[in-house]
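Asks: According to TrEMBL, the protein has these features:
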type: TRANSMEM; residues: B:6-37; note: transmembrane segment
type: TRANSMEM; residues: B:82-101; note: transmembrane segment
type: TRANSMEM; residues: B:113-138; note: transmembrane segment
type: TRANSMEM; residues: B:158-180; note: transmembrane segment
type: TRANSMEM; residues: B:192-214; note: transmembrane segment
type: TRANSMEM; residues: B:229-247; note: transmembrane segment
type: TRANSMEM; residues: B:259-279; note: transmembrane segment
type: TRANSMEM; residues: B:299-318; note: transmembrane segment
Amino acid sequence: MEIFDAFHLARLQFAFTVSFHIVFPAISIGMASFLAVLEWRWLLTGDTAYKDMFLFWSKIFAVGFGMGVVSGVVMAYEFGTNWSGFSSIAGNITGPLLTYEVLTAFFLEAGFLGVMLFGWHRVSPRAHFFATLMVAVGTLISTFWILASNSFMHTPQGYVIENGRIVPVDWFKVIFNPSFPYRLAHMTIAAFIVAGFIVAACGAWHLLHGRRDKPVMRSFSMALWILLLLTPIQILVGDAHGLNTRKYQPAKIAAIEGLWETEKGGTALNLVGLPDMDAEVTRYAIQIPHLGSLILTHSWNGEIRGLKEFPPQDRPYSPIIFWTFRLMAGLGMLMLLTALVGLLLRIRGQLYETRWFQRFVFCMGPSGIVALLAGWITTEVGRQPWTVYGVLRTVDSLSPVDAQQAGVSLLIFVLVYFLVFGVGIYYMLMMMKRGPDEHIERRDQRKHPVLHNRALEALEGE
Amino acid sequence: MQIDLPVIWAAIIGLGVFIYVMLDGFDLGIGLLFPFFEAKNDRQVMLNTVAPVWDGNETFLVLGGAGLYGAFPVVYSTLLPANYLPLILMVVGLIFRGAAFELRGKATRTQHAWDLAFICGSGLAALCQGIVLGSLLQGIKIADGRFVGGPFDWLSPFSLFCGIGVLITYATLGCGWLILKTEGELQRNMRQLMRPLVCVLLGAITIVSLWTVIGLPAVAHRWFGSGNLGWFLPVPLLVIACVWGIFRSVRLQHEAMPFILTLAICFLGYSGLLISIWPNIVPPSLSIWEASSSPSSQLFALVGTVIILPIILVYNAMQYRVFRGKVREGDPGYH
């Protein structure tokens, strides 16, 4: 098998572009809701620290959102350029779902984003809050549709095959397919956690550098509260998602666990090991008896089907997802630990003064993003060799492109993405390093932006 | 009576694409006018006129893509592979200019680089859109619902000229928009730029029209062979009337009229294109009925579209209303 044929290059390109893309929407989804909460608190309490926080985080949100929009346009067109087999065979399902996403989510976000970012002096505070709320709701609606579409690809139902095409018969079943509720919950919470750790890490950085003003302390504190609430829920949801996957995509679970034989009387868990696809064994495995059954079936002797039950051409590539899954799950545990330690320090009244903890939280800043990517790699590579599980193979989804086209476009995307999004991320980090301004309110009053008193501004030399 | 879903969907997508051309046309056009205005303040004001709305404008492009994908998946899976390279370059252009919006104001030392990214990104996106349009008009080789041509079928003198035509169209739209949204010296400069731009635009439209009629017999037959000439003749005449109107309104220093009339020219050009290819969706052979997705897919998506699209248009219009009026230096925007 040729590695650099059009098929593998196209897959590599999709993996690359979608991995870059997903990071930005995840930040936007979490951050938009955080911003809505901040503005709501500001309207309710009149405490300007909330508004300072809002103005600060909304700038970072804006950059992330812009990056998400432009990298998303690429995705929408890649389905046609590289994966026209998929578009024409599965387009009857995924097309309308994408149309709904654009109509109900993208426009809602874009339509109110301008007011949210630039409209402070043109609309009332309540109208502004409404705009922020619409942006936040838009990000969540977007999550709904795209995960409905993605979940259909994992656990398709409510369709028939006509003339070699997938044709919908029951849209309710299509959208609310078996894995959808779990995936939706898991991803939404993940996005909140991504944003939570970014906010917490930024707060930790400024606490370490001696700032003790309200916006900094409150960012740190609020983020840790959110994480304390969400990390345990996420672990429970992840567990439920695992049970669901075992039922509907058993080969994926077997590959995740590096499990080759279907064992009677309880399956052990491979803590670490190196799955070997050719030899059909997992080398150097360190096992804990019965733990596999306990986690995946919630019973002492539950049966988990091994990879050998599936023909070799239907097996996902275990060495990748064995490790990405462990990375995600390990980080999840570390996140829970972070939140719990935060609670302990808070009870003792040492939250803002414990430097080792702040350093730790700072290092955990990207953990949400890393775990998110690892999780998506696990579920998507685990779906292989299918694009629509059990219906359409990835090989048959490809466009009539040649290796040169796929290779050149991949090269272009790699260069452009690292340049543009690299710079974008750099500026986001620089803004976070500068931290929230404390005196925004006073400066605004001096400039009389509503009145546009040009004479006064000229006097002040502006 | 059976509702003809493909026709309705073709109308919706046609409308979506036109709104896109109208809206993103002027904001891409601003990038194309950047080279004519060196001063930092001028560029800032030009950018701020679209800061709150560019994102919404671009969403119509995604709507066009998603609508095609949902209603006419065969178009999606033939037109897009046929235009592989121009489409990739188009999104690369959009990435650069989208990023430039966000990052230009944050950069200090590298602001010039981002200005360049904004100009080139806008230009590349506009050029590639024109090339795709040109290649669509030329026709695309399809067999059994798959693209069967070569990777460079899109490349021809005609498609390249269409690319230039779209560049000029967008620059004119941008100029009209800026006459509307700016004041003082900047507005005067825009008015001066408008006259030569409109002349070049008229030239480009004439050449593309003649080229299409002479070079593409199927289109010529559509215009002259079917006895409908009386119906189609107003299109070129109205274009000339609009050009005259723009000259007049620029001289009389109207604020909005140049922009409105440029939009009218775009509408006329666009309807001319539709006349040229209808009822095909991918010339020379694929009609909208052959390209359709399953009726249940089209109906499902249509229900939502009919309800939601008007709402979308309303709140997009509201956003324009909130940010109506002239844009001045120091207004909230990207700094």
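Note: Cβ is positioned from N, Cα and C throughout, glycine not excepted.
TrEMBL annotations: computationally assigned, not manually curated.
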Asks: Could you check whether the transmembrane segment (B:113-138) packs against the transmembrane segment (B:299-318) - three or more CB pairs closer than 8 Å, residues at least 6 apart in sequence?
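Replies: In this chain the transmembrane segment (B:113-138) does not contact the transmembrane segment (B:299-318) - fewer than 3 Cβ pairs sit under 8 Å.
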Asks: Below 8 Å between Cβ atoms, which of the listed ranges B:82-101, B:192-214, B:259-279, B:299-318 makes the most pairs with the transmembrane segment (B:6-37)?
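Replies: The stretch I would name here is B:259-279.
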Asks: Any contact between the transmembrane segment (B:192-214) and the transmembrane segment (B:82-101), i.e. 3 or more CB pairs below 8 Å with pairs at least 6 residues apart?
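Replies: With fewer than 3 qualifying Cβ pairs, these stretches do not touch.
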Asks: How about long-range neighbours of the transmembrane segment (B:299-318): same chain, 6 or more residues beyond its ends, C-beta under 8 Å?
Replies: 5, 8-9, 12, 56, 67, 70-71
Asks: Are there residues at least 6 beyond the ends of the transmembrane segment (B:259-279) whose Cβ is under 8 Å from a Cβ of it, and what are they?
Replies: 10, 14, 18, 21-22, 25-26, 133, 136-137, 169, 172-173, 175-177, 179-180, 198, 201, 205, 209, 212, 219, 222-223, 232, 235, 238-239, 242-243, 245-246, 249, 287-289
